[in-house]
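Worksheet: the structure to be examined is printed underneath.
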Amino acid sequence: MSRWKAPIHRFSYRSLIIPPILLAAATIVALFLHSDVNAALLWSQCHSHSRIPGISRVPVLGTPICYIISFFRAALHSLRSSAVMAVVLAFLGSLLTVSTVEAARICNAPNVLIAYPTGPWLVFDLVGGAVVWELVIIPAFLHRTKSILNSRKRTDGNGDVQHIFTSRHLPDSELVAIPISVALGFFLPSILMLFYTTPATIGVWLFFPIYVTIIRQITRKVVTTIKRASPENIHLASNRRSLLFVYLLPMICSVLAHIFFIWSLTQHDDRKEMTRSIIVFIEVDTQFIFWTVLYWMLVEVGWRVPLTTVVLSLFTGPGAGTCVGWMYREKLIHHDNEQGENTAQPADEESPLLQ
């Protein structure tokens, strides 16, 4: 009895990107409804140079940079809001890990938006928020997956070449480079911003995508240089220790942030009006990112992975839930990959997308 096929196998790319577009529209409407005069007040203060004058007086870029820094500074201006931001940052760290792993895969090399995530992440961080995930990042992944599936269906006699460009392997140096780059490039600035909230620490944090990219490239070169054996490509899902090592830090941070948030609920709500309105804005934006990621999982591997992610997120935070869900996705794909080598059956809900 055949199982329900995942949407990626049943629908065209144009059909699959309709929900993200609708989510983007809903995000804009929701953010507009939750916005108030406080956000405009921050901009006005930066424009008049009454807030962070050392930055706001810089020509052209001074006002927007001052606004972004002031926005996050206000969001971290209380214990309760700092706990919320800790959960949000842990979730972003998990997404950054997932995005970096996917960028390292051989099969994603032809897609610039996936293979070089620095640009999209900078736009997401500085300007776009959830809309960037809904209109840029997720559609890019769905388009690439569709291209690989279509490539597999072709029988042009170049099986070896096709296998290279559909391989889910990644260089072995990435096992070290990805965790280190995310730890030093994202989590370290995030922790500094949480516990020592100043315009300087926030300003440093804003450009974390650049740090992650630079540290990752340097670490890869160092590992390749000091390693005596020849570089190899590895299949991450086939090695439990490697898989856990890559995702361990964001999972730990998510659990700690979740505990911090639950504890903060037992304390007095010390949020002022400005902080309250801004943190609600961030919460709404983050929720839409989470829903978009769940849709991504649903489209590629069916309903079990997003359901697992949601359930675990309730107990460990969305960051750990996303990581465990992604590892579950990887194991399903790897398991069905092995079965597919022995039996030629049509793709179903949990059939491998990318070999």
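Yeah, the Cβs are placed from backbone N, Cα and C, and that goes for glycine too.
Automated prediction, rather than curation, is the source of TrEMBL annotations.
Some features that TrEMBL has for this protein:
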type: TRANSMEM; residues: 12-34; note: transmembrane segment
type: TRANSMEM; residues: 54-76; note: transmembrane segment
type: TRANSMEM; residues: 83-101; note: transmembrane segment
type: TRANSMEM; residues: 121-142; note: transmembrane segment
type: TRANSMEM; residues: 175-196; note: transmembrane segment
type: TRANSMEM; residues: 202-223; note: transmembrane segment
type: TRANSMEM; residues: 244-266; note: transmembrane segment
type: TRANSMEM; residues: 278-298; note: transmembrane segment
type: TRANSMEM; residues: 305-328; note: transmembrane segment
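Most Cβ pairs under 8 Å with the transmembrane segment (305-328) belong to 244-266, among the candidate stretches 121-142, 202-223, 244-266, 278-298. The transmembrane segment (202-223) is in contact with the transmembrane segment (175-196), judged by 3+ CB-CB distances under 8 Å for residue pairs 6 or more apart in sequence. Long-range neighbours of the transmembrane segment (121-142) within the same chain, counting only residues 6 or more positions beyond its ends whose Cβ lies under 8 Å from a Cβ of the stretch, are 8, 13, 16-17, 20-21, 23-24, 27-28, 31, 68, 96, 99, 102, 111, 113-114, 206-210, 285-286, 288-289, 292-293, 295-296, 299-300. Counting residues 6+ beyond its ends, the transmembrane segment (12-34) has Cβ neighbours under 8 Å at 129-131, 134-135, 138-139, 142-143, 146, 277, 280-281, 284-285, 288, 291-292, 295, 299 in the same chain. By the count of Cβ pairs under 8 Å, the stretch nearest in packing to the transmembrane segment (244-266) among 54-76, 83-101, 175-196, 278-298 is 83-101. Highest Cβ contact count with the transmembrane segment (278-298) among the listed stretches 54-76, 83-101, 175-196 falls to 83-101 (criterion: pairs under 8 Å).
Under 8 Å from some Cβ of the transmembrane segment (54-76) lie the Cβ atoms of residues 39, 42-43, 45-47, 82, 85, 126, 193-194, 197, 199, 202-203, 205-206, 274-275, 278-279, 282, all in the same chain and six or more residues away from its ends.
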